[in-house]
Amino acid sequence: MSLNCLRFVVSHSLKKSPHFHLSYLPSSSSSAVSVTMSYSKELAAAKKAASLAARLCQKVQKVLLQSDVQSKNDKSPVTVADYGSQALVSFALQQEFPTDFSLVAEEDSKDLRKDGAQEIVDRITKLVNDSLTSDGSYNVTLSTEDVLKAIDSGRSEGGSQGRHWVLDPIDGTKGFVRGDQYAIALALLDGGKVVLGVLACPNLPLTSISAAGQHSTSNEVGCLFFAEVGGGTYMQPLDGSSAVKVQVTAVENPEDASFFESYEAAHSMHDLSSLIAQKLGVKAPPVRIDSQAKYGALSRGDGAIYLRFPHKGYREKIWDHAAGCIVVTEAGGVVTDAAGKLLDFSMGKYLDLDTGIIVTNQKLMPLLHNAVRESLKEKAASL
């Protein structure tokens, strides 16, 4: 076949990665070669890193919940888990991708380098090394300085050029402290686009939470959601057994829909969500849970709608939505801001968006947009 008879369709970042597939596509006038990116190596590394961090967090939370009530006001357990999770993910990813590594993450080591922080740093270092030893894949012992450097690897600003990992080491810290939902949320940006995402949700039941709130009659908890652009969304137990493909709900009638919102009223305006639900005709009460576990639950059809309307002045960070966004969109859902614009992860650490974030399936989105627009007008008029 002559090269003149071939049409090449090349992804924007082909030159940056050796991972791609060639396939011939039929064409009316000629044959075509399609070149599509594969992020299989990156996805495998992300799943492993997030699972490793989830095990560390589970260990810390178990000790926290066994302690007395007074000590639960102590923030050090969640601090240890937060930093430990980031250090583990950063270390594990750098083992796989040692060159051109860029990580946009929530934490840095500034507070850990202050006087009086040595005890917490030692605890974090021990937890990280215990986790690496238990995993068995890494024949290494990290020093405290190694751990602090791994944490500080998350100082990238992100942006539209190149590749950037995006991490929230514990999304939903208040849920973590209460013993409820939290997530380790990891995504990869390539050219400003989210190309893969992983959500490790250690406390999320393997069965639907749509009718039972954030808990389930099943004792089995611990879900890993993962998605690669163009490849769909899958869920598997955190213990690593077989994965199943998931889809958002096909509900078309708002009266049959249920919706998620943030557990904490400080994180989202519950009164506005209630007004939107009322205008839509949603009859079910809201399911309030912490963290991006909401995105995971919605991706498998536990609910139909997720509404997030932070209070005025709050700026959304990319690590709070990057992994969850691709997990839902690859499962057939839609994620936009209140004006209907797709989320733009290419602008650095923050999302530039209108008012809030709304998530649902493709059939319900037009109705939801109308209800959001009417509710925002009504709320503005009442001020």
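Using N, Cα and C of the backbone, Cβ positions are placed for all residues, glycine too.
The following features are taken from TrEMBL:
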BINDING   Glu106, Asp168, Ile170, Asp171, Asp320  Mg(2+) binding site
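Same-chain residues at least 6 positions away in sequence with a Cβ under 8 Å from that of Asp168 (Mg(2+) binding site) are, in sequence order, Ala105, Glu106, Ala183, Ile184, Ala185, Gln292, Trp319, Asp320, Ala323.
Counted within 10 Å of its Cβ, the other Cβ atoms near Ile170 (Mg(2+) binding site) come to 29, all protein chains included.
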